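Enquirer: When I checked Swiss-Prot for this same protein, it listed these features:
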type     : residues : note
COMPBIAS : 303-314  : compositional bias 'Low complexity'
REGION   : 1-20     : region 'Disordered'
REGION   : 139-179  : region 'Disordered'
REGION   : 303-336  : region 'Disordered'
ZN_FING  : 25-61    : zinc finger
ZN_FING  : 91-143   : zinc finger
Amino acid sequence: MAEETAPPCGPVSTGGSLSPEKMEKRTCALCPDGHEWSVIYFAPSANIAAHENCLLYSSGLVECGPHDPRNPARSFAVKSVKKEIWRGRRLKCSLCNKGGATVGCDLSSCRKSYHYVCAKKDHAIPQVDEDLGTYKIFCPEHPPQQEETTERADSPSVKKTGKKKSLSSGPPTEPKKMKFSRFKRLMKEEPHGHKDAAVKAPFLKKCLEAGLLTELFEQILEKMDSIHGRFMDETASESDYEGIKTLLFDCGLFGDILRKFQEVIKSKTCEYEERLNQMKQKLEALADLQENLCSFQECGDLDPSGSTSGSLLPPEDHQCRCQESPEVQAGSGDSL
């Protein structure tokens, strides 16, 4: 149960357009005032709740509007939070090895990701700039520099948005407009037969330069996740089957995955065979036990009447149950 400190969440009309649905700020009624875990954000429409710090330090999540120091509530769009949760499903925590690790070390070359609570346990170093509204985490192996002027020229410049750009000490690069003009000219000069190859590689490079490559791959993975859900629900269409078949077997991109999947099949086969052997051993043990019980009955060690009755009560208990007192018999007669 939490105390509500914001109006109900939902799309808000602003001059004919809809602003993004935002998370509601709640305060845990059982936490002490001011505790870092007491502030929770909740989205009733999506049934999602998250701690404030888990949201603030998530590498791929930013607020959907400028933070107002006079308003303690944060502006987290529900759509962005759902996207970050989905992104975290593919990230394993460097400490607990479980999914959902959206808090990454802010050094671009470091691959460590945490849950916020695991980052604290691992003594990760937080870096907060209230004026800029940035919340960063550095793993213990990569403590942050005290001043930007002390960083090396080839060190990365990191932003809260999760888009990391390395500074280059090499020759100056061409402006983007010039690059794009050259790209269009090359497109016109390429023969038709090589046009597809000329388009695809530069297209992905342009996505990278525009900071949209991650967005593109996230949409691809989201599409795959949606198809996977339909397969699990047994609602997949014929086009879903054809699409996955083409992706896996026709394009050759996932040949290594199929080879690894063969190893998974072998491993599962061995696992189930081992289970089957264990079940056979248990069945044999039960059969031996039944045979021993039968031999005890033949030798008179067990009362046949007791074994056929299907009850574990001693014989005297059966007699007590069967012999009713005169009062009980009289009562039963009266009831009739």
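Note: Cβ is positioned from N, Cα and C throughout, glycine not excepted.
Help me see these features in their spatial surroundings.
Expert: Counted with DSSP, the zinc finger (25-61) comes out as 5 helix, 13 strand, 19 coil.
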Enquirer: Counting by DSSP, what is the helix, strand and coil composition of the zinc finger (91-143)?
Expert: 6 helix, 17 strand, 30 coil
